[in-house]
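K.L.:
Pulled these features from TrEMBL for this protein:
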- 21-39: transmembrane segment (TRANSMEM)
- 59-76: transmembrane segment (TRANSMEM)
- 88-107: transmembrane segment (TRANSMEM)
- 144-162: transmembrane segment (TRANSMEM)
- 182-205: transmembrane segment (TRANSMEM)
- 217-237: transmembrane segment (TRANSMEM)
- 249-268: transmembrane segment (TRANSMEM)
- 280-298: transmembrane segment (TRANSMEM)
- 304-321: transmembrane segment (TRANSMEM)
Amino acid sequence: MSVEDGGVPGLGRPRQARWTLMLLLSTAMYGAHAPLLALCHVDGHVPFRPSSAVLLTELTKLLLCAFSLLVGRPAWPRGAPPWRQAAPFALPALLYGANNNLVIYLQRYMDPSTYQVLSNLKIGSTALFYCLCLRRRLSARQGFALLLLMAAGACYAAGGLQDPGSTLPGPPPAAKAGPMPLHITPLGLLLLILYCLISGLSSVYTELLMKRQRLPLALQNLFLYTFGVLLNLGLHAGGGPGPGLLEGFSGWAALVVLSQALNGLLMSAVMKHGSSITRLFVVSCSLVVNAVLSAALLRLQLPAAFFLATLLIGLAVHLYYGSH
């Protein structure tokens, strides 16, 4: 199994099994993210500042990386690595910081499953940057698979668009007594397109950076998340008056922070030893987890348009990864 197929060349069966388990765990965490955020709502609103959740997530990742380095210190490279090797991680930290805050604000303009389906548009942007930055070529079959993903997103968006005024004022559908309908506002669609472009650029740039440097992954993560904490600390402090750092946090919010931190570490391993395309495969498959959790926890109604979009995405993934 090649890197593009979602595997790592040269792994034996036990290590390949652990790699597969890691991808499955990441898929589950990706799929659970949006429903968990919806469960954090109190009276129709997120009770904590989005910047607080992102800052705590980055801080958790930094602490886990520091602990990993302390445990594995004998494996460190000889001599202190030059700090010029740390500087390039400032850019992905900036991009990740922007997207981590944006993904929480997106929940105001769409339901979790709409976000999960349309976020697959990042497959197109990531593939574009993948070809430009890593100089990889896609076959005609792979290109057609990406077009199917775009068609799936457009199909679902056309069926889910509604007047933004119909969702305001008042709590979002998750807070109402009835089933939660699929919905997205025009502003939400624009923000999601921006989110997908940033996601593609940050993913490919991080892969390029991690593979070019011959440093332990934990040390590279330490560089990345140090910049992430500093950046998000500044965003949180400059965000104006609002709830305190831990104000409004519940058990669901703590679970969001922990799952996102662990998933970030898993994805860094994918970028180091796999590829951006492997990450896209994980994100696409998380749609199933998202749909099951949204239906079970939020009583989300899934009309035919949802299943059509899901079918197109599944076919596109099969065409892309079955082309090797």
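Note: Cβ is positioned from N, Cα and C throughout, glycine not excepted.
Caution: TrEMBL annotation is automatic and unverified by curators.
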K.L.:
Pairs 6 or more apart in sequence, C-beta under 8 angstroms, 3 or more of them: is that satisfied by the transmembrane segment (21-39) and the transmembrane segment (217-237)?
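P.N.:
These two segments do not touch.
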K.L.:
Given a Cβ distance threshold of under 8 angstroms, which distant residues of the chain, six or more beyond its ends, lie next to the transmembrane segment (217-237)?
P.N.:
49, 51-52, 54-55, 58-59, 61-62, 65-66, 68-69, 72, 76, 81, 85-86, 89-90, 92-94, 96-97, 100-101, 206, 209-210, 245, 265, 268-269, 272
K.L.:
Where else in the chain does the transmembrane segment (249-268) make close Cβ contacts, counting only residues six or more beyond its ends and a cut-off under 8 Å?
P.N.:
22, 25-26, 29-30, 32-33, 36-37, 39-40, 47-48, 52-53, 56-57, 60-61, 64-65, 100, 206, 210, 217, 220-221, 224, 279, 282
K.L.:
State the non-local partners of the transmembrane segment (280-298) in its own chain: residues 6+ outside its ends, Cβ under 8 Å from one of its Cβ atoms.
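P.N.:
Same-chain residues near the transmembrane segment (280-298) but 6 or more away: 6, 23, 26-32, 34-35, 38-39, 111-113, 116-117, 119-120, 122-123, 126-127, 149, 174, 180, 267, 270, 306, 310, 313, 317, 321.
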